[in-house]
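S.K.: TrEMBL lists these features:
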type: REGION; residues: A:1-39; note: region 'Disordered'
type: TRANSMEM; residues: A:75-98; note: transmembrane segment
type: DOMAIN; residues: A:144-336; note: domain 'ABC transmembrane type-1'
type: TRANSMEM; residues: A:148-176; note: transmembrane segment
type: TRANSMEM; residues: A:183-203; note: transmembrane segment
type: TRANSMEM; residues: A:209-227; note: transmembrane segment
type: TRANSMEM; residues: A:266-289; note: transmembrane segment
type: TRANSMEM; residues: A:318-339; note: transmembrane segment
C-alpha cells in the first residue's frame with residue numbers, strides 16, 4: 001500500500017534504537033543483545049528473566065487495577081473491605097447460617113410473657129427472642145439481607161439519577177446547568193433525613209419501596225453535583241481539547257471522553273452513600289415510617305420496636321441491631337475513604 | 001494558491017465588565033503546501049491563540065474572532081461548526097504541548113489512534129486498530145502491537161508525544177499545527193521528536209505550522225519564521241535571513257539572549273529589558289517601545305506599519321537594527 005506515513009516511518013524505530021542514549025523507553029531487545037559478549041550465560045539468563053518480568057509487570061495495567069493494587073496495601077481498606085465482605089456473605093447465605101426461620105414463633109419462650117420477662121438467651125437461642133417469640137439471632141442475620149437489599153437499590157437508583165442529571169448539566173452547561181443545579185441546591189438545603197421523611201409521608205401507602213425511593217432521591221443531588229463538577233473540569237481538559245482538534249463529535253466527546261473520566265469520583269461516593277443509605281433507611285424504620293410488614297426482619301425496625309420498648313429490661317435487643325448498623329456503615333465508610341484515597345491522582349506513581 | 005492564508009486575523013477577549021483584550025491583532029501569514037512555517041514569540045504574544053483560532057477551537061463565548069482564515073480558498077471562520085468538525089483531524093490536525101494531558105487517561109492508546117480513523121475514514125474498529133499499529137510503528141514506537149492495549153500513563157513522555165503525532169497524522173492531513181510540541185519533553189527526546197516531525201512532514205508533504213518560543217527549534221525546522229510581539233507580527237523572514245540579519249530589535253534581542261558555547265568567558269548573557277507586560281497598546285505606538293534599545297520618537301506616535309524589506313521579508317519597525325550588523 002502506498003501509505004506515505006508508514007513507508008516514511010518504517011526505518012525510524014531501527015535508527016532510533018541504534019543510537020546510544022536514545023533511551024527514551026523501557027528495556028529494548030537491543031540492549032541485552034549488545035551485552036551478550038561480556039556476560040556469562042547465567043547472567044544472561046538472569047537479564048532475560050528480568051526483562052520478561054518487567055515486561056509482564058507493565059502489560060495492561062489499567063487505572064482500576066492500579067487502584068486495586070493500592071487498596072490492597074492500605075490497612076484501612078482491608079478492615080473496611082473485610083467488614084463489607086462479611087456483611088455481604090451473611091446477607092447472601094442468611095438461610096444457611098440462621099439457626100431458625102426468622103418469622104417462626106417459639107411459643108414456649110413466650111408462655112409466661114410479662115413486660116418484665118422478655119425471654120433472654122437460652123441454649124437454642126443465643127440472642128434470645130423478641131416479644132413474639134421469634135429467634136433474635138436469625139432475625140439479625142436476615143436483617144443483613146434486608147439492609148443490603150435496601151442499600152444497594154437505593155444507592156443504584158440515586159447513582160443513576162444523579163449521574164444522569166449531573167451529566168446533562170455538565171454536558172450542556174448554560175441555562176440547563178443553572179436550572180438543574182438550583183434544583184439540587186433546593187434539595188441540599190433540606191436535611192436529608194427530613195427530606196426522606198417528607199417523601200415517605202407523601203406516599204399514599206408505605207412499603208419498603210417508599211423507603212428505598214426516598215433514600216435514593218435524597219442522595220441524587222450529591223451525585224449530580226459531584227459528576228457535574230468533574231464534567232466541567234473535564235470539559236476544560238487538554239485531552240478534550242485534543243479530541244475536539246481531531247474533529248470528534250460532541251456526543252462522543254461527552255460519552256467517551258468526559259463521562260468516563262468523571263465517573264471515578266462518583267463511584268467512590270457511591271460507597272460512602274451506601275453507608276448513609278443504610279443509616280437513613282434504618283432511621284425511617286426506627287421512626288415507624290418503614291415497611292409495615294411485621295414479619296420483615298429489619299435492623300432499624302428491630303431497634304425501634306423491640307430495642308426501644310424493652311430497653312430497660314433487655315437492652316441487648318437495642319444493642320445488637322444498633323451495633324450491626326454502626327459496624328456495617330463504618331465498614332462502607334472506611335472502604336469508601338480508602339477508595340477515594342486510592343484513585344486520587346496525587347497518589348499515582 | 002497558498003494552502004493556508006491567514007488574513008488580518010484578530011482575536012479579542014471580552015468579558016463583561018472588563019476592558020476588552022486584544023490577544024491577536026491583525027495577524028497575516030501564509031503557508032505553502034509542504035512548507036514549514038514558524039510562529040515565534042514569548043509567552044503571551046498570541047501564538048497559541050492564533051493556532052486555536054485557526055482550528056476554530058476557541059471557546060464560543062467571551063471572544064471575538066475577526067479576519068479570514070483561508071484554507072485552500074475556503075474561509076474556515078465562516079464554516080458551519082459541523083463542517084469545520086469534519087475537517088479537523090482529517091485536513092488540519094494539531095499537536096499540543098503536554099502529551100500526557102492531551103491523551104485520554106481511560107482509553108488505551110490503540111483505541112485513541114483508531115478513533116480518528118473510524119471518525120474520518122469510516123473504518124471499523126478492527127481495521128482501524130490494524131492501521132493504528134502501523135501508525136505507531138511509523139512514529140517509532142517499539143513493540144506497537146503491545147502498546148495498542150496500554151494506557152497513556154504506562155508509556156514514557158517521548159512515546160506519548162509520538163503517539164499524539166501518530167493520531168494527528170493518521171488521516172494524512174494537509175496541514176499540521178504543532179503548538180510547542182517539545183516543551184514538555186527532555187532535551188534528548190526533543191531532538192528525536194523534531195527529527196521525526198521533520199521526516200514525516202517531508203515524506204507526506206504535510207505543511208507544518210510550528211509554534212514555539214525555542215529558536216533552536218526554528219533553526220532546525222522552519223522555512224519561514226513569523227516573529228510575534230503583543231499579538232502582531234513584527235518581523236517575517238526566511239530562516240537563514242532571520243538568523244543572519246535579524247532586523248527587528250526584538251528578534252535581535254531574542255537571538256542574542258540564547259546562551260552560546262563560543263561566547264567569551266565571563267561575558268554576561270544578554271537579556272531583553274522588562275517583560276511582556278511592559279507594553280503600550282499598539283494604537284498608541286510600538287508595543288515593544290518600552291523595552292527597546294533603538295526606540296525613537298516616532299515609536300510613540302503610532303503603530304509602525306509592516307513593510308516589505310529588501311530581502312523579501314516584512315518588518316514592523318521605525319528604527320531597525322542595521323542590515324550590516326549580524327547577530328554575534
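Cβ coordinates are placed from backbone N, Cα and C, and glycine is handled just like the others.
In the displayed structure, how are the listed features positioned relative to their neighbours?
M.R.: Long-range Cβ contacts of the transmembrane segment (A:75-98) within its own chain (Cβ-Cβ under 8 Å, at least 6 residues beyond either end) map to 135, 137-138, 141-142, 144-145, 147-149, 327-328, 330-339, 342.
A Cβ distance under 8 Å defines the sequence-distant neighbours of the transmembrane segment (A:183-203), meaning residues of its chain 6+ beyond its ends; these are 165, 210-211, 213-215, 217-222, 224-225, 276, 280, 283-284, 287, 289.
Non-local neighbours of the transmembrane segment (A:209-227) in the same chain are 150, 153-159, 161-163, 165-167, 169-170, 180-181, 183-185, 187-188, 192-193, 195-197, 199-200, 203, 262-263, 265-266, 269-270, 273, 276-277, 280-281, 284-285, 289-291; each lies 6+ residues outside the stretch with a CB under 8 Å from one of its CB atoms.
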